[in-house]
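Everything on this sheet refers to the single structure shown next.
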């Protein structure tokens, strides 16, 4: 079979993991050892693990920033930090947690799990996948370089104008943030395109759109959202940078600019972003929680529809971040109403999880505890969200610690709790080792108690009028004790997370062997060895139900039986099967790319270009731009091995 | 044992027209780029609504250059469409001709747009209108130039004989991008050149 053949009928065979075919596939798919493999690999599992590890590094950095701020606020009139340092710390903390941790950690799970749960060999665009990771790291380093050099962003993660503009903020601080976010947006955008196309095209035959695991629904929904939301913030930051660098007049009020335009563009992106960093986490829970309830999730269809509805409505509520800006009453009413409505699809998911636990036979593992805690925190964060959706209440609460409490209940409750639970579930798949349940209990209870001790009192300090983002406060306002409790809670939470890291480190080598399916899960990733081989599946599985590994006991066999080890053999080089978008009928045999340095090289070129822009050195920027162009052309040049070129006439 | 019999049929191999993942990826790129232009035009109308007629320049944008230029861009789309059609028939000479004509018309658009820019009495730094006008048309110009690089690459690859009647997905993928760039121009043209005359 030549690489330029145009058609083929794939052979159907029954092959397991210990066969000559599997041996051949291993040789075809494995990455090179050493530094060459490190820089060129396009294996989605390797990239997924890198996303997870890197995002946890940023979680720790952001956490340390938070702890320093909590020390400063532990009592009145403390002077650990100057006001300027405090501004930089809360800005770095916010942008780190929201951009460099919250989505990338979910992308890590999605990258690792998508092909495995969909029964595929890789993502739709393996090189783009590597590129998305490298750009994420490079943009993270770019933004953190500001902190190392002493010019960290200092205007909060939403960097309102005019304070972010040159007259008020003359240093390079905001340039780092503006350019860094445009850089980072490239990673999010290409990653999102990859998830969307993978979801639509790379599912195993028979895995019609109503049979995919919910975690892929969560990620694909927010990836669609990102495609439409990210340009808003990239554009806004470009305008800000142009105002600072070239004296254009987008946001400058004294020369015909509109400061409010910044807020519109920012929140048109950033409100959808709130759902972007929680919906995939909700998806992880929707797939993992039922494993520990020993039953399928209650209401698969409504949970999926709720996910999509939340994202769509999420584009229509951005104004609720701007209730205090003097907008017309009619606009406030409309956006307030929309903000109330959005609670309905979220509540659907909550009730589905509760019903799943209620009607199931729960097995109380650490993961289950995290998921149960997740539901409880979601409810608290949701209720405080409803309170701020009401315009009169919001006018009282905005810019107070009440909002800080709300957003942390949402982000830690719905993102971090889900992520920690998901780690306990899928760590055995990734490493082949179970995590310690004993340490896990300590991990969970310290996190749960520390988090609530730290953040629940913030509701009260907020109601008592303590504004957010103040670097200190006088005594006698009644905030002292509450702030001390908050600081203590923050440190308990930090110890809990430290225990998680210790558990990960210990279990990676010393954990009990997991076997392919330690939790008796229903979806395809549990049919692979732990860790899975580079090619994932020796033959492409055929799927006949939502729970391929549970269908006999559930009696889900009206459409036949799924077959894991009997299916199309695709072993003429790196090959994968693409299926139709809705019904997952076989559509085309894809030639998948080999490992490539192009993603890394183009990322380096982008880093050079953005550094040139930052230094206002147009030569450096131009050289970087040219290198991006050349790198992209090499990357996209048609290759016979990828069956992109015509057969040569003999 | 239920055997999905459909699996036992001949399947195309590799990069095949609209079955190629690249085609789907291009659609995703177009979606996000379209959103970018939507936000640009949102910003334009945000200013327009806040400030009214006084915000627009004294002399409204004229059709003298922009009108014919719009026609030129549309004709380039027709040429590229024809090239893609000929590519599917395996007619390499016509395919190259169509791409070359599309490329030349695109270059003509860029040159005329340069004259249009030079003709303006305002700059990106003189007013918020100027900032937006040049940012929006500048973004479009950047997309045209990206599209020209795509067309030039396709022309080169076609001339090198990389494609035949079945293996030509890059032409399909590049062509849809070029049509998108043209469609965006219509939105930009309508917003910046036509709506000021409608008030």
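Placement of Cβ uses the backbone N, Cα and C atoms for every residue, glycine included.
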| field | Matching range for TrEMBL feature annotation, transmembrane segment, among A:23-48, A:439-464 | value | A:439-464
| query | If you check TrEMBL, which stretch out of A:297-319, A:527-549 is marked transmembrane segment? | reply | A:297-319
| said: Between A:407-427, A:554-574, I'd like to know which one TrEMBL lists as transmembrane segment. | reply: A:407-427
| task | Sort out for me which stretch, of A:51-73, A:130-152, A:297-319, has the most Cβ pairs below 8 angstroms to the transmembrane segment (A:484-506). | result | A:51-73
| request: Sort out the residues at least 6 away from either end of the transmembrane segment (A:439-464), same chain, that have Cβ-Cβ distances under 8 Å to it, and list them. | output: 70, 365-366, 369-370, 373, 377, 380, 384, 397, 400-406, 408-409, 412-413, 417, 420, 424, 477-479, 482-483, 485-497, 499-500, 502-503, 506
| said: If you average per-residue pLDDT over the domain 'Cytochrome oxidase subunit I profile' (A:23-544), what number do you get? | reply: 96
| task | Grab the same-chain neighbours of the transmembrane segment (A:130-152) for me: Cβ-Cβ under 8 Å, and only residues 6 or more beyond its ends, written as numbers and ranges. | result | 40-42, 47, 50-51, 54, 58, 61, 88-89, 91-92, 95, 100, 104, 107, 111, 171-173, 176-177, 179-181, 183-184, 186-188, 190-191, 194, 596, 598-600, 602-604, 606-607, 610-611
| said: Take the C-beta pairs under 8 A between the transmembrane segment (A:407-427) and each of A:51-73, A:93-118, A:212-241, A:261-285, A:297-319. Which stretch has the highest count? | reply: A:261-285
| Residues from the same chain, set at least six apart from the ends of the transmembrane segment (A:93-118), whose C-beta lies under 8 A from its own | 44-45, 47-56, 58-59, 61-62, 65-66, 69, 129, 132-133, 136, 140, 143, 153, 156-157, 177, 181, 184, 188, 191, 195, 198-199, 202-204, 207, 212-213, 215-216, 219, 273, 276-277, 280-281, 284, 287, 411, 415, 419, 422, 426, 429-430, 523-525, 528, 532, 536
